[in-house]
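First up is the structure itself, then whatever we jot down about it.
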Amino acid sequence: MRVLVLALTVALVAGNQVSYAPEFAPGKTYEYKYEGYILGGLPEEGLAKAGVKIQSKVLIGAAGPDSYILKLEDPVISGYSGIWPKEVFHPATKLTSALSAQLLTPVKFEYANGVIGKVFAPPGISTNVLNVFRGLLNMFQMNIKKTQNVYDLQETGVKGVCKTHYILHEDSKADRLHLTKTTDLNHCTDSIHMDVGMAGYTEKCAECMARGKTLSGAISVNYIMKPSASGTLILEATATELLQYSPVNIVNGAVQMEAKQTVTFVDIRKTPLEPLKADYIPRGSLKYELGTEFLQTPIQLLRITNVEAQIVESLNNLVSLNMGHAHEDSPLKFIELIQLLRVAKYESIEALWSQFKTKIDHRHWLLSSIPAIGTHVALKFIKEKIVAGEVTAAEAAQAIMSSTHLVKADLEAIKLQEGLAVTPNIRENAGLRELVMLGFGIMVHKYCVENPSCPSELVRPVHDIIAKALEKRDNDELSLALKVLGNAGHPSSLKPIMKLLPGFGSSASELELRVHIDATLALRKIGKREPKMIQDVALQLFMDRTLDPELRMVAVVVLFDTKLPMGLITTLAQSLLKEPNLQVLSFVYSYMKAFTKTTTPDHSTVAAACNVAIRILSPRFERLSYRYSRAFHYDHYHNPWMLGAAASAFYINDAATVLPKNIMAKARVYLSGVSVDVLEFGARAEGVQEALLKARDVPESADRLTKMKQALKALTEWRANPSRQPLGSLYVKVLGQDVAFANIDKEMVEKIIEFATGPEIRTRGKKALDALLSGYSMKYSKPMSAIEVRHIFPTSLGLPMELSLYTAAVTAASVEVQATISPPLPEDFHPAHLLKSDISMKASVTPSVSLHTYGVMGVNSPFIQASVLSRAKDHAALPKKMEARLDIVKGYFSYQFLPVEGVKTIASARLETVAIARDVEGLAAAKVTPVVPYEPIVSKNATLNLSQMSYYLNDSISASSELLPFSLQRQTGKNKIPKPIVKKMCATTYTYGIEGCVDIWSRNATFLRNTPIYAIIGNHSLLVNVTPAAGPSIERIEIEVQFGEQAAEKILKEVYLNEEEEVLEDKNVLMKLKKILSPGLKNSTKASSSSSGSSRSSRSRSSSSSSSSSSSSSSRSSSSSSRSSSSLRRNSKMLDLADPLNITSKRSSSSSSSSSSSSSSSSSSSSSSKTKWQLHERNFTKDHIHQHSVSKERLNSKSSASSFESIYNKITYLSNIVSPVVTVLVRAIRADHKNQGYQIAVYYDKLTTRVQIIVANLTEDDNWRICSDSMMLSHHKVMTRVTWGIGCKQYNTTIVAETGRVEKEPAVRVKLAWARLPTYIRDYARRVSRYISRVAEDNGVNRTKVASKPKEIKLTVAVANETSLNVTLNTPKNTFFKLGWVLPFYLPINNTAAELQAFQGRWMDQVTYMLTKSAAAECTVVEDTVVTFNNRKYKTETPHSCHQVLAQDCTSEIKFIVLLKRDQTAERNEISIKIENIDVDMYPKDNAVVVKVNGVEIPLTNLPYQHPTGNIQIRQREEGISLHAPSHGLQEVFLSLNKVQVKVVDWMRGQTCGLCGKADGEVRQEYSTPNERVSRNATSFAHSWVLPAKSCRDASECYMQLESVKLEKQISLEGEESKCYSVEPVWRCLPGCAPVRTTSVTVGLPCVSLDSNLNRSDSLSSIYQKSVDVSETAESHLACRCTPQCA
């Protein structure tokens, strides 16, 4: 019994241990049938697809424990390109034969429990073929768990290690085991792929990918297995891989790749499978092995037999095809050359260079192609050629820049770039060294993006450079090194950078501010990898309020680049509530405000945090003017398409000046789930404005500075600010990397000026002129590999899949120039000789460009390609032949365009999407199928004359669009391809014999789905053709200009007018109209209808050759006349083509009643603002009228128009009495020598001050022309009449400009009136009117619905004051007005006009003066009230008889000092100005202001006074005296009996000090004392700027001095008895003097212990540096009386 129980137990345990893992029994061979294929294209049927199929028998047998052999039998490789599913796969017989040796070779693999381990193969099997074996073996990879039926795990496969989901189901009835394995390709921990191109420049946008995807894929495998005791047998396995890709979100349609594999069990052979007798070496695991995929471009498949010979052939083809003209296929040939160079060995490239380096064209193409190789081989070649000196500096710069961006970053490339930087040829050229160094940083960054754990040793050489430069205090070297570290963005660089930042490095304070800013900006890229580390540093910089505001604002830019969390943004907001610097406050607030509206996904959390922060802050911060720093950010993101763009701009100022100190701007693009900083630039200027405007000829006099400093010596602890050194810097970033920068200082500017004025530039100019005279020709071509973006990854079949974008271009130009000069120039000629010569030049220029762009998705292996390819080919060529002649002495200029034969298409653009299948053994049999099948259609054309384009262009476009109406698209069946869109638009100018046509042909897949990707896929073309127009042959187009007396000789068509005949014709028309119209109508009405009728008939003159067109024209004319007549009956307003303004005066009495009634009806709804403009308008008084006596005002109100009419009627055309002063001919020279074109003649009559311009058509019997008559009726009025049409009678406008007065202020009024205008001008005017209305409302311009004259526009501009205008614009339906429109400059009127007399004859100085005056900062003192430069008002009690510093230059230059003294007896202010080497005193005396220069009084009769240098002027203004010295920083100092006014120029802002403040806009830091401490009250601040007396015998009678006062009582501070002294000294009488007047002031007191030895005799400097412990009230003396015995 026990034996039976034991047997049952053993059997039960054995039954539970059945293995589900596949097992292959030793000694047997398992035969399977394998088939796998890949198809790519759009998912819909009826479109073309491309694919590859692999079929074979598969034999598997055991080779040992856990070791197996796999062998293929009868493999077949097929390709597919055709309409799916109609076409079939076509076997690639030659390719199969070529690969059969490798495919039939068995491979070994480890296999245990369903998991494949290592793979072994002989060396003869290439990596590409072995990957195919891996794709097959992947079908047998399975991790089966006995205890679970549903589970997830990270499984190794061909594509790497990805998340895999298992479902196991056992069918006990059928004795089958069903397994489903699904692999999510979007969640791989170790994905096998290769990225080429933009990988180092883009940033992944995780938030964007959460909203949509551009690439998605999954693999599903179904197994049917038969379980057994020894293991399961795989009966069938089916795998399906689906991959979708779209650059604009796969939800909106995508190109897909579908791969399917099937393995079907066939039989078990009893014989074992034997391996080859060869060395089986380990070849990796089941993971796909990347090999030569980078070398193979998917655009074309090359069969390479002799790479050197093929390179030579390709190079010769490129050179020959692009000799001065870019061939259409050149970009593709260029890509072919690059592919061949990638395959070639380094020695072969060296041999090619040696062969072609002396041939300029071949050399040029080689140097442009080698960087595109994309490996360190290119860098090695470039380095060796630079070291050997075989390339020029320009060639080296081009090669370095190209290779930096195109070469794939690896350790070898980084070492080569590092070594290149230290080569002598590079170190000696500063520009090349900068390029190499910046490129080194870019290379490190690209490497670290692909290898996040890159070592810090990569950037250690730059760290060493920083250490050495810091020891030498070499700011330029530090700036370069910081930009390199900024490009690299390695976290290990944080410590070296921090050493250069104030507050972190001990030596940082000795460095220039620009170094601090560069160091801060270098943190930006590090912050994208380590945001927390950078946030700590940048926040500390911002919080340190002792640092320069510019540095703090740059730190904020760095902070926001790290995508701040809510907590930090709230911290910033709380800090701003107590921020004393308004520049910083304005910048941060505006940056936060801008981010509240962001729509980009990656900044959504920042936007939410900024919305909270803005609520914390006060909205009044937004009211700060644009003189304060600002940050701007605008963006837009379209979620459905995953497309977006963002732009940021930073305007950084430091003293509220007009010109900012720093400007930065950046543009970012979002595409396909990544973002890239496309372009960034910055410009920084410090002291540039000052360097341009301040006096340059002021001698650096030691005596002057000594005198200035002596006056300020008494100021307690006064500290001079450092003078600004003129410095400018520029930088440019492309794709987020610094590529170029420049620091511009005085030395560089001097070098540029020296070069521009030196003999070398003259020598070069002479050589260029000699080359032109001897004949110059050049044929130039330049290839560019602009974009190569590739994403390579394996498919489940083991074939490489590629998504790529290529752009290549070739530009070319052919130039031939021949010049002649008569008479010939002497050898030592001066450039002025050219102005006296007759210069002729012939030139032929042919610029051309060819651009190819390819987008590829599909299989790309060295032996077979099957892909969907979109290729765009753009080509443009614009050949020109021209001749020019210039004779300045004779005033003659001509320019001729000569026809170019054989050129029709000047521009073309084609885009097609095709399915391609080809293999390397059968390239001739490659099959290319359009994805959208082609279906021919007859095109419909619409040809237009250029003269009709403005009327009919829109109609023609819409008509041609009807070829494929929208409804037809919707009605098209699912499988029926709609007809293509075909359009042809032409414009013809018969005058010059040119016809231009645009042909459009388009067919796409939007009939299936209307999304962007479907719209792109198809065939599209656009052609721009220029051909000779039908008609007479044109030899050339010529432009001639003749000035002077010979202008009459160039007149080809005399313009005459038979006035009697014209008048007679008008009378006949009037008689006919008189019978039709009512008797009440006046003659002017008849004239208007007549004009309208003649206008209509003249419009059809061009078709008058045929009787039908003539009759239709007559009918149109008749109907037009009748319509005009009927409309005139309804409207009593009168028209006259002669002069609309004159008619207005004729009918003024008759229209007065209607205008008054209309104004009364509208007055009930008028507002107060309306009353303002009406008053402003009615007060306009003409200066022209004031020339006449008052008694004749009514008579002369029409004198201007009447005089114009009388002169015009007397002499219609000035050609009858004067010769033209200028003649311009723009004509086509016909073969039959008939005139064709236009003639412009300008006449001037001095007697009547009349200018007439006549534009006439040169065609015989064509009377169309434009006539413009301008006449100066007086010094205050100018009138212009412009008429055009046949005989200048169809259309009429009149413009009158006149000066006048509005409430005694100067004004200008311009009127535009018309009688009749063309339809297109009226339409355009309506659009302009709507635009003006919209813009006016947005800019605070008032608008009233007040009707004006129906055919008149009037603009009135009146002076409100020297800096503002009152503007009124009257239109027929609205009136716009703006009162007090502020100007950015002073008008040259009143006081400004008088001040400009000092610059008489120097208009540039006058303009500069008006601009600087408007930007000046102003300070005013009235009695004891001061209004500072920053517009802050305070009252002060001034010590008697003491001078105070009102304003001064606080730099070490001390360009000026303005002292103020209060005469307490007379209660008036006196000022003393120390400027340059003179002292100017101004003081009131006997109700007048007296001025002394160096102690000598200047009588008022001798004013204005001009200093000998010409930079200082003293003049009388109103009731006072003013001094002007803008080039010294003082715009104006003015003193009257009751007011003192000081104005400093804009570039002095932030550099002044004194009672008026710093003029820096910082009102929160207004009370700045001489030692730069901010006082707590105005009194202490004012007293700090008083100059104390030296002794009680001082002539100034200021018997006081500053003292630090000890607190009279002892206090307990922090538990210790202390004595306190004032840190803000107060005024006390000198020893021996007693106070007679005092005041109380609040002072801050630092305290020391009672044991301290500090007493009054000790130096007070240590006290002034201490912080304030307590505040107390102290007594300050204002007036003292001294005893005779005082010292």
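The first residue you see is number 1, and the count goes up from there.
Cβ from N, Cα, C; glycine included.
Among the features that Swiss-Prot reports, signal peptide is placed at 1-15, with the record citing sequence analysis.
Taken from Swiss-Prot, the feature domain 'Vitellogenin' covers 24-663, and the record attributes it to sequence analysis. Averaged across the domain 'Vitellogenin' (24-663), pLDDT in this predicted model comes to 91.
According to Swiss-Prot, the feature N-linked glycosylation site maps to Asn954 (among others), an assignment based on sequence analysis.
Annotation comment: Swiss-Prot describes Asn1004 (among others) as N-linked glycosylation site. According to DSSP, Asn1004 (N-linked glycosylation site) sits within a strand segment.
The annotation region 'Disordered' is assigned in Swiss-Prot to 1081-1174.
According to Swiss-Prot, the N-linked glycosylation site annotation covers Asn1083 (among others).
Residues annotated as compositional bias 'Low complexity' in Swiss-Prot: 1088-1127 (among others).
The N-linked glycosylation site feature in Swiss-Prot is assigned to Asn1142 (among others); the stated evidence is sequence analysis.
The compositional bias 'Low complexity' annotation in Swiss-Prot covers 1148-1169 (among others).
Annotated N-linked glycosylation site per Swiss-Prot: Asn1179 (among others), in sequence order.
In the three-state DSSP scheme, Asn1257 (N-linked glycosylation site) falls into the strand class. Feature annotation from Swiss-Prot assigns N-linked glycosylation site to Asn1257 (among others).
The N-linked glycosylation site annotation in Swiss-Prot covers Asn1292 (among others), and the record cites sequence analysis as its basis. In the three-state DSSP reading, Asn1292 (N-linked glycosylation site) counts as strand.
Under the heading N-linked glycosylation site, Swiss-Prot lists Asn1361 (among others), citing sequence analysis as support. Its Cβ placed at the centre, Asn1361 (N-linked glycosylation site) has 15 other Cβ atoms within 10 Å.
The number of other Cβ atoms within 10 Å of the Cβ belonging to Asn1366 (N-linked glycosylation site), over all protein chains shown, comes to 23. Taken from Swiss-Prot, the feature N-linked glycosylation site covers Asn1366 (among others), and the record attributes it to sequence analysis.
Annotation source Swiss-Prot lists N-linked glycosylation site at Asn1390 (among others). The Cβ of Asn1390 (N-linked glycosylation site) has 16 neighbouring Cβ atoms from other residues within 10 Å, across all protein chains displayed.
Taken from Swiss-Prot, the feature domain 'VWFD' covers 1417-1593, and the record attributes it to sequence analysis.
Here the Cα atom of Cys1419 (disulfide bond) is found 64 Å from that of Asn1257 (N-linked glycosylation site).
Only Asn1390, of the recorded positions Asn1004, Asn1292, Asn1390, Cys1442, Cys1556, Asn1577, have a C-alpha within 10 angstroms of the C-alpha of Asn1361 (N-linked glycosylation site). Fewest Cβ neighbours within 10 Å among the glycosylation sites Asn1004, Asn1257, Asn1292, Asn1577: this applies to Asn1577. Ranking the disulfide-bonded residues Cys1419, Cys1442, Cys1556, Cys1592 by how many Cβ atoms sit within 10 Å of each one's Cβ puts Cys1556 at the top. In this structure, the CA atom of Asn1257 (N-linked glycosylation site) is 18 Å away from the CA atom of Asn1292 (N-linked glycosylation site). Taking CA atoms as the reference points, Asn1366 (N-linked glycosylation site) and Asn1577 (N-linked glycosylation site) are 41 Å apart. For the pair Cys1556 (disulfide bond) and Cys1442 (disulfide bond), the Cα-Cα distance reads 17 Å. Secondary structure from DSSP puts Asn1577 (N-linked glycosylation site) in coil. Rounded to the nearest whole angstrom, the C-alpha distance between Cys1592 (disulfide bond) and Asn1577 (N-linked glycosylation site) is 29. According to its DSSP assignment, Asn1361 (N-linked glycosylation site) is in a strand. Within 10 Å (C-alpha to C-alpha) of Asn1292 (N-linked glycosylation site) lies none of the glycosylation sites Asn1004, Asn1390, Asn1577. DSSP gives Asn1390 (N-linked glycosylation site) a helix state. Closest in space to Asn1577 (N-linked glycosylation site), of the recorded positions given as Asn1004, Asn1390, Cys1442, is Cys1442, taking the CA atom of each residue.
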